[in-house]
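So the structure is just underneath, and the comments pick up after that.
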Amino acid sequence: MVNILKKLANGVSLNIDEAYLLSREILSGGLNDVAVAAALTAMRCRGETAEEVTGFVKSAREVAVKVPLRVEAIDTAGTGGDGAGTINLSTLAAVVAAAAGARVLKHGNRSASGFFGSADFMEAVGYNLEVGPEKAAEMVEKIGFAFVFAPRYHPAFAKVAPVRRQLPFRTVFNIVGPLANPGLVKRQLIGVSERRLLDVVGGVASVLLDRALVVYGSGVDEVSTEGPTEVVEVRGGRAERYVLEPEDFGIGKTPLPRASTREEAVGLALAGLRGEHREAEIAIAVNAAAALYVAEVVRDFRDGFELAVKTIREGAAYRKLREAVEASR
């Protein structure tokens, strides 16, 4: 471990195995806080590599409480931290995708920068955040959707929480979280809040996932309706980079819905899910389209958008949310 820490201090990046060993030591409580802070700071200052994040994700998955999925499912998650104040589109898109035929094990936490993170929203609508692994697996199988609260499934992260709170910047664990789904899903829509993370997370996805879309939407960790979204698409270990425009979904540029209070955020989210707020509905449908594409429910983004809008306007999306809330209790 001393040699690994020295490599980091000298600005040298770690390979997957070294990063795995470092993460395992951190998550087991084997490193003191000073060493943990030094390692996380060195990685952040240099910029975390795909190999390092892959090693950390492997370790996090290994020690997680597992959801014993019996069917194939997807996840929609973002790194958060974009500070854009948008409603929680990844969660809403997951609900719409589930209502439209995908199976989704949504993994999330409380807010990183906005008013409502995934867990904040699900809790606000009455979902039981303490849903256990067997229950979550059953929900995905029977109703196509379950939300799993990250701290419930990653108790080892509590060991590094005090250090993370003391550091004035985001660390590798903010990148690891969205990739550490406890159901070990093989398909994901992943939003990143920094352009540099497109290739980093894309590299991790190439190793650990069968299919993924990694998206950076002009400053937000979602597919943007306001302008271009940079994408790394991973399929069978190969990565392709391209740009999505709103026109690829059959729409023009549309403002992303933003909120200034928690109450406004949840109100906008529910209005969008019911088709009662145009900007929110479009933003949710665009991100649901990307999720449906990853799940291979649709062949392209335009078809995905049309299916998502239809699902919202027929009331199926809101009914799916209420069904999940009831099933969680």
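Cβ coordinates come from backbone N, Cα and C, glycine included.
In Swiss-Prot this protein carries:
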type	residues	note
BINDING	Gly78, 81-82, Thr86, 88-91, 106-114, Ser118	5-phospho-alpha-D-ribose 1-diphosphate binding site
BINDING	Gly78, Asn109	anthranilate 1 binding site
BINDING	Ser90, Glu222	Mg(2+) 1 binding site
BINDING	Arg164	anthranilate 2 binding site
BINDING	Asp221, Glu222	Mg(2+) 2 binding site
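Swiss-Prot feature annotations superimposed on the structure.
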residue: Gly78; record: 5-phospho-alpha-D-ribose 1-diphosphate binding site; DSSP (3 states): strand
residue: Thr86; record: 5-phospho-alpha-D-ribose 1-diphosphate binding site; DSSP (3 states): strand
residue: His107; record: 5-phospho-alpha-D-ribose 1-diphosphate binding site; DSSP (3 states): strand
residue: Arg164; record: anthranilate 2 binding site; DSSP (3 states): helix
residue: Asp221; record: Mg(2+) 2 binding site; DSSP (3 states): coil
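In this structure, the C-alpha atom of Arg110 (5-phospho-alpha-D-ribose 1-diphosphate binding site) lies 15 angstrom from that of Arg164 (anthranilate 2 binding site).
Looking at Asn109 (anthranilate 1 binding site) and Gly78 (5-phospho-alpha-D-ribose 1-diphosphate binding site), their Cα atoms lie 10 Å from each other. His107 (5-phospho-alpha-D-ribose 1-diphosphate binding site) sits 20 Å from the residue listed as 'anthranilate 2 binding site', taking the C-alpha atoms as the reference points. Taking the C-alpha atom of Asp221 (Mg(2+) 2 binding site) as reference, the shortest distance to any of the binding-site residues Gly78, Thr86, Ser90 belongs to Gly78. Arg164 (anthranilate 2 binding site) counts 16 other C-beta atoms within 10 Å of its own C-beta, drawing on all protein chains shown. For the pair formed by Arg164 (anthranilate 2 binding site) and Gly78 (5-phospho-alpha-D-ribose 1-diphosphate binding site), distance between Cα atoms is given as 18 Å, rounded to the nearest Å. Compared over the binding-site residues His107, Arg110, the count of CB atoms lying within 10 A of a residue's CB peaks at His107. Gly78 (5-phospho-alpha-D-ribose 1-diphosphate binding site) counts 28 other C-beta atoms within 10 Å of its own C-beta, drawing on all protein chains shown. When Cβ atoms from all protein chains are considered, those within 10 Å of Glu222 (Mg(2+) 1 binding site) total 31, not counting its own. The sparsest Cβ neighbourhood within 10 Å, among the listed binding-site residues (Thr86, Ser90, Asn109), is found at Asn109. Distance from the CA of Glu222 (Mg(2+) 1 binding site) to the CA of Gly78 (5-phospho-alpha-D-ribose 1-diphosphate binding site) is 7 Å.
Cα separation, Ser90 (5-phospho-alpha-D-ribose 1-diphosphate binding site) to Glu222 (Mg(2+) 1 binding site), rounded: 7 Å.
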